[in-house]
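One structure is given below, encoded as structure tokens.
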Amino acid sequence: MIMSSYLMDSNYIDPKFPPCEEYSQNSYIPEHSPEYYGRTRESGFQHHHQELYPPPPPRPSYPERQYSCTSLQGPGNSRGHGPAQAGHHHPEKSQSLCEPAPLSGASASPSPAPPACSQPAPDHPSSAASKQPIVYPWMKKIHVSTVNPNYNGGEPKRSRTAYTRQQVLELEKEFHYNRYLTRRRRIEIAHSLCLSERQIKIWFQNRRMKWKKDHRLPNTKVRSAPPAGAAPSTLSAATPGTSEDHSQSATPPEQQRAEDITRL
């Protein structure tokens, strides 16, 4: 049996094809971008699952945000903290991350420089002052003065002292026994009641004036009657005009008649 084939035939010439590099250099094989393969995969995926799931809604186009160095967080920061807190807690790390980004060679036009590292702004004094309540000078004035060892007796402005019930009670007790105080007793009362000597002195002056006003009688100017044990000689010496009348009344009527006869 005779075998006839192309391999056995000696007249057969082996075809020679150029390598693939020559095809790519001569643009015989078109080069596709990566987007082309992505489109084919997406189209095939949608083709297989188009019946099961509806097409997703179109995504809105958001403007690209330019991130600065403040948005970078250090390795020690916990998740969820904002850029202000990261810069506040780790200022050294944030400063080390603030470096100019290298320019890419693909961009022909120079890209705008990133904004400078924003440091945490200090709190405004007006906001801190608005939170604190306003205290006026008249609110700082304490009406009940305390004991001052260096008190020299002079005050810039006199103010009405508001005495407490305990202070008034102790002063009334002292006034009941002593209407006039000595210097030593005044100092003791001032220290015990947390008052100054001047305040004790003024209170006793006012209390004495009130006592005199309350005990003043309407007939104080009328001469009072003499006591029962007084001698009549003192009264006669005090009033010479009335002594003659008393002597005449003391003589018996017979002597008066004798004197009248002698006068005739």
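Here the Cβ of each residue, glycine as well, is placed from N, Cα and C on the backbone.
Pulled from Swiss-Prot, these are the features on record:
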type: REGION; residues: 19-130; note: region 'Disordered'
type: COMPBIAS; residues: 32-51; note: compositional bias 'Basic and acidic residues'
type: COMPBIAS; residues: 100-110; note: compositional bias 'Low complexity'
type: MOTIF; residues: 135-140; note: motif 'Antp-type hexapeptide'
type: DNA_BIND; residues: 156-215; note: DNA-binding region
type: REGION; residues: 214-264; note: region 'Disordered'
type: COMPBIAS; residues: 233-254; note: compositional bias 'Polar residues'
Could you count the residues of the motif 'Antp-type hexapeptide' (135-140) that DSSP puts in helix, in strand and in coil?
4 helix, 0 strand, 2 coil
Helix, strand and coil residues within the DNA-binding region (156-215) as assigned by DSSP:
42 helix, 0 strand, 18 coil
